[in-house]
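Here is what TrEMBL says about this protein:
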- 20-40: transmembrane segment (TRANSMEM)
- 52-75: transmembrane segment (TRANSMEM)
- 96-117: transmembrane segment (TRANSMEM)
- 150-171: transmembrane segment (TRANSMEM)
- 183-207: transmembrane segment (TRANSMEM)
- 234-254: transmembrane segment (TRANSMEM)
Amino acid sequence: MERLLKKCQLRNQLLRECMAEFLGVYVLILFGCGSVAQVTTTQDRKGQYLSINLGFALGVTFGVFVSRGVSGAHLNPAVSLSMCVLGRHPWMKLPFYIFFQVLGAFLAAATVGLQYYDAIWAYSGGELTVTGPTATAGIFSTYPADYLSVWGGVVDQVIGTAALLLCVLAVGDQRNSSLPDGLQPVLVGAAVLVIGISMGSNSGYALNPARDLGPRLFTYIAGWGEDVFKAGGGWWWVPIVAPCVGALLGTLIYELMIEVHHPPILPELQTCQVATEGKTELELKLEQKLEQVESD
């Protein structure tokens, strides 16, 4: 078995990172959309809205644990974009990360659809609908509340994703507060939890283009049809574009208000070096004077 596993080992670093992103997002959506499926198909008898919040929060936590040692656990195209803008991730890798993130979300949605196939058909009465009292497309992707305008949804997603990036950057900023390494994924999941509790009623807090697009493509193929792109006044583009804008906004806010103001490390080292060099020069001068006295 060990020999077989060694033969399966990948040596291409980019491919390893992409597979880690794929699996991390898969775990996220499996638990997240799985919790929505359970709550929806049982009509709140086996779970409520808080169950969904916990499902996505813990999905994020374990998704980060799965992938962080290999890829950094972005699990979100908006996060990957922000890391590229900050110079912490190569732009060349961005399209590959995004593709595998979307693919992971797509296959995780397919897994949930397979697992809850009978429950979805029983709940919907044999008709896969996007809107209405027995709609089931919302198990997989986000849709706006009836009162929410498209531009209201844009604002909602920009604010929610900006809040997410503020928290993610703060958790990862070792110069702000040094956290135990194993605690960081838990706190990222906690950030998703509190955003869901406080900002989820308008449109389901997608916050992640891959989390929404991958499952939406699955529902389009699996029988819900083109209505998944027409519902909500053509809502589908909002969870793709607005989280990217929000992520950049949150990154900018954190950088300008917190990280850029950290005391610089390099000048401190230079000061110590100058002091050491000054002492050495003084000692040299004393040695030269002593040599002159001895020669006299």
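Keep in mind that glycine also has a Cβ here, set from the backbone N, Cα and C atoms.
All annotation found in TrEMBL is predicted automatically rather than curated by experts.
Against the transmembrane segment (234-254), stretch 150-171 shows more Cβ pairs under 8 Å than any other of 20-40, 52-75, 96-117, 150-171. Proximity of distant same-chain residues to the transmembrane segment (52-75), defined by a Cβ-Cβ separation under 8 Å and at least 6 residues beyond the stretch ends, is recorded for 16-21, 23-32, 34-36, 39, 83, 89, 97, 101, 184-186, 188-190, 192-193, 196-197, 200, 208, 210.
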